[in-house]
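For reference, the structure is listed below as structure tokens.
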């Protein structure tokens, strides 16, 4: 028993002893569950409860707390239910309530909590519900005869959430849901000492903010005593959370009574008074709605946060709007494609973890990024006019003493400069001007995607390799066919190499021709294979190139060696060689590599097409105090900096991502979003690089430039998709790591096995190697046959489809998708595509033309008054200069 008034009973007929469910070997396969009940208005004795439940099949044991009328029942879920147990208990003349914990996934904010509590709390039979957003758990007390567990789950799931019933902890024999205060929550009280309050509005803002916290029942703040008394539910929150929340608001808060000295408090009061504009020692009554410090000298800090779960521009606007509501947030910049938020905040009021929490509270995933990884801007410049080391020193010293430049490295030999800087303080254009002011010419080094997209070098290389191998390989193929025919005609091995045709003893004319044709292929045709095999071995890995080089080199060296031996021995018969192996292997594999790079180049055309959307020039304007344009400057788009005001004329491309600060227009974003209808843009609207302005001139403030623009991120996404590995490819690569050593081992085993078999039983070799030259020794026949079998194992393993086909398939698949306007995010989605059985289309421009068209003309008067041709001519003329989608449709129809 757990105390004087708690009884635990196990029913003998079930051989069940109350305790851990894992201690029951005879019941281990039965689905045992535990339910808690409160029996309200029970007048019967304990014996009656036990007797009532013993009649019910599937009940194993009960734990009965007499003083609290609390009952815990262990039962078999396959035989009975909580509803049946509750109905049985109701026969005792009492009202039965059960406690239930449900894990709820998908809650985003306090409104989700209120919605669940409102909907479920209104169900008949539910007497209490408490939902914790923090723990993602709903605690429900209900009457099982009126509403079941499943009905409660269904109700929550109908609201769009996912639910799981949490089991009760069998180690707790004290019915903790009620006794921890699920029904009668033991409210605790805590005092928090608060420093920095100056007036009643401080008190109101603290009380207003803390009252909204989950679990806080009430709060009373005293300005005079500089402390707050908080009543809270310990199962939902704790004093530390409350203290941290007050600190986040910009006040000092502690749970231990501090030694607030009068001098320190006077200093605090004076500091706040100064910030609020009080001076000359005058005593003023502060009536500001918020008196938290907002010093103009406040140095804002910046943090970068990775944000997941954003799907469109409204998500971006949502995050920016909600973050700016919080005090201490200075500015917010969110990039949808990069999935990144750049937030400036006041370190006196907030820290990066707090900012991350704000984003999570809105309902998005957020993770703080390393500051160093993103704050430094990098710039590579080409500098003309340097003559000696003093020029280098002059440039480096000038740059490094400039505020905002972290490091500068200038190389005289290559005329290159590599600079790291803070993009908040200055940009590429400023740095170029600094160098130009010293008397040198500086230009941006354009290294971008184009170098990665250009496969012409590789195509040319493998084409040459294939052609060279083919030129020498075709005669080799001809000689092989000739040898086979001659051997069949003479019914003996070496029929194609009669003794009288030997150029030298042991060297036949055909072997000489083989040697002369094979050597150039081995040296020049196989050059790239040797280079790649060397690089692979240098890094202690073995790839397909290693296998190809091994097979061809061994065949070539062996053939040369047997020829030299035959010539040294003045042999009458020239030996059989493997000179035909290298040219044939190189021909087929070089062809495969050539075709692979052609496929890659076609894929890259789609990327190049995407990149061609980017504007090359931008018009940067300087505005006067009345927002009038003071000056304009045309410059390359790479020199545009964040914060610049860019003018975009009608019909022009937007060179950067930004925010419209003046003007209104329609913008064609179809090349990026796929939406064919022009989008209206006015002051405050966001625009994307690569989209086309229609009829109105706009002034745009640059928010994302260069590699940060949406278009650049899309290009980067496609690039990464093409290089990303599908799960099957990762598996293939893993196998490839073992494949090459395995093949080499198999080849050696083949060599050893056939040599052993040959020397033990020569008849087996004769059976598998008919037509061998009887003039040579048995040992040579065995070695020659074993070697041929070994080389064959190596050769057939070379053009491995596992290593070549998969990356090419991913490359071509993503490329064909990109050409058709579909961006496939890598190999994994491509591999999963075969499992698709339902496709959701965004109708506009996908399964429709995406452009309005006139379907029919309805004339509402007699045709005699005006012919249709004349009506259309007039309507068409009226709409001819319209930019509106419907107007353009009418004009096009009339023109046709």
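One-based numbering along the chain as shown.
Using the three backbone atoms N, Cα and C, a Cβ is placed for every residue, glycine included.
Unlike curated records, TrEMBL annotations are generated automatically.
The following features are taken from TrEMBL:
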- 98-164: domain 'HMA' (DOMAIN)
- 188-254: domain 'HMA' (DOMAIN)
- 301-367: domain 'HMA' (DOMAIN)
- 377-443: domain 'HMA' (DOMAIN)
- 466-485: transmembrane segment (TRANSMEM)
- 505-525: transmembrane segment (TRANSMEM)
- 546-566: transmembrane segment (TRANSMEM)
- 578-595: transmembrane segment (TRANSMEM)
- 738-762: transmembrane segment (TRANSMEM)
Do we see three or more Cβ pairs under 8 Å linking the domain 'HMA' (98-164) and the domain 'HMA' (377-443), pairs being at least 6 apart in sequence?
no
In the same chain, which residue numbers or ranges, 6 or more beyond the ends of the transmembrane segment (505-525), come under 8 angstroms Cβ to Cβ?
465, 468-469, 472-473, 475-476, 479, 482-483, 496-497, 552-553, 556, 559-560, 563, 565-572, 574-575, 577, 579-580, 582-583, 586, 590
Count, for each of 466-485, 546-566, 578-595, the Cβ pairs lying under 8 Å from the transmembrane segment (738-762), and report the range with the highest count.
546-566
Going along the chain, which residues at least six beyond the ends of the transmembrane segment (466-485) come within the CB cut-off of under 8 Å?
496, 510, 513-514, 517-518, 520-521, 524-525, 579-580, 583-584, 586-587, 590-591, 593-594
What average pLDDT does the predicted model assign to the domain 'HMA' (188-254)?
81
Determine how many residues of the domain 'HMA' (98-164) DSSP places in helix, in strand and in coil.
22 helix, 24 strand, 21 coil
